[in-house]
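Annotated features in TrEMBL:
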DOMAIN    B:24-255  domain 'ABC transmembrane type-2'
TRANSMEM  B:34-52  transmembrane segment
TRANSMEM  B:64-86  transmembrane segment
TRANSMEM  B:106-134  transmembrane segment
TRANSMEM  B:146-168  transmembrane segment
TRANSMEM  B:174-196  transmembrane segment
TRANSMEM  B:231-252  transmembrane segment
Amino acid sequence: MTGLRVENLSYAYGARQALDRVSFRVEPGTFCALLGPNGAGKSTLFALLTRLFAAPQGRIGIAGHDMARAPRQALRQMGVVFQQPTLDLDLTVQCNLSYFAALHGLRGARAQARIEAALERLEMRGRLGERVRDLNGGHRRRLEIARSLIHHPKVLLLDEPTVGLDAATRRAITAHVHDLSRRKGLTVLWATHLTDEIDDADQLLILHRGRLTEDGTARQLRGGLGLADHFLRLTGEAA
Amino acid sequence: MMDWLAALTAITQREALRFIGQRGRFVAALVRPMLWLVVFAAGFRAALGLSITPPYATYTTYEVYIVPGLCGMILLFNGMQSSLSMVYDREMGSMRLLLTSPLPRWWLLVCRLLASTAISILQVYVFLGLAALFGIRFSWGGYAALLPALVPAGLMLGALGLALSSVIRQLENFAGVMNFVIFPMFFLSTALYPLWKMAESSALLRDICAVNPFSQAVELIRFALYQQLNAAALAWVLLSGLVWLGLAVWGYDPERGLIRKAGKPG
């Protein structure tokens, strides 16, 4: 069992059901977009997938490891880019990445080689000594993506990673992650509410009011409509 | 095991680098106890007579009496600030990053605790250096004996902050924690007045002060400065520290804990 598996996942905040029996699979090498309006349950799903808290019902499998039974193995195979920035602005790019590498048990020359390779892929190697505060928003995001790949995860989770970025940067980052999934066989789950970040060939999940209403390729699901129109018709809300 | 140590080193380094970067925090952490020492204690000197009780062998001025309490104050403020800062908006992200490490969660929390305690201890020694400039000095042996007392005291107060950070939902407002945790702990302790002085006004007040773990931390520090071990205080500090650490680990446990309540539903 590889890739990302979610089976029958439910979660409630008191009386409010945030997720209701959500099940899906994302195979290796697939870019899967998770589309949902605000309040659809995306953040809750990400909190469960990253083990911020655990669901009383349902199962999560990361590259073959069950999150409840073997959380440490599952986390080892997972890279995450959170919606909120998680970089230390006053520390250098190097310090930020070394810190993360150490949290994943990587030290010394091995860590350094991985850090430089990850930055190289995102064309940021020259910025190793810069303070994060001095980087622009796009570079900070790219840095967070580079960081999430240092420990060579098999599954990459990104929670609205392009929020607040300009159109050109958004396009570049989206294209890069698409490329990663294709060339490296990475399983990607990309949460968004922006339909233009999704290619026709991508797997698409639509989450609405805590339920998974659609699962298929974007091309199949949208039919003859534009994706934005399809989404709007389905959820009755602006994408 | 090397992975565990690598994480501890990295977390401590990060705390140290962040601390050096935040000079304002460093200055504030020193100004607060210095104000108490130079302004408050000087004014109080005439009003408060202190009898000779252990660990004091001779008559002691109020400025000397208050120093262990102010060391405790630094540990208390720092412990709270560092732990609670984890759940502030921006910090919530870095906390989530920390929790995605494949190391056991309890160890990650202990690493945070050890790192913040190390920073607190550094501040205590800088404060003692400043106090020495004002003529309030202790023996070199006392300064050395202080270190093993500051470690459990700092860990205990940091663990309290950590436990609070996992169970309190609204932490945007540090003032709330000041009013309901820091001030009561500080004022209802032996930091400013000895127990017998408290007993003169109310037996209940004295009892509250006696069971307050912060009092025990202050007494542990006070005795250590005179190269004496207050075993009862040490036991009390260790016990309460373990309880709070247990609460924090429970609070951050994804299965049972309350961290989800601090998270953003959506």
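Note that Cβ sites are derived from N, Cα and C of the backbone, with glycine treated the same way.
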Recorded stretch that, among B:64-86, B:106-134, B:146-168, B:231-252, has the most CB pairs under 8 Å to the transmembrane segment (B:174-196): B:64-86
Chain residues outside the transmembrane segment (B:146-168) and at least six past its termini with a C-beta under 8 angstroms from it: 71-72, 75-76, 78-84, 86-87, 109, 112-114, 116-117, 120-121, 124, 128, 177, 181, 213-214, 217, 220-221, 223-225, 234, 237-238, 240-241, 244-245, 247-248, 250-252, 257-259, 261-262
Intrachain residues whose Cβ lies under 8 Å of the transmembrane segment (B:231-252), provided they are six or more past its termini: 99, 105-106, 109-110, 113, 149, 152-153, 155-156, 159-160, 162-163, 165-167, 213, 216-217, 219-220, 223, 258-259
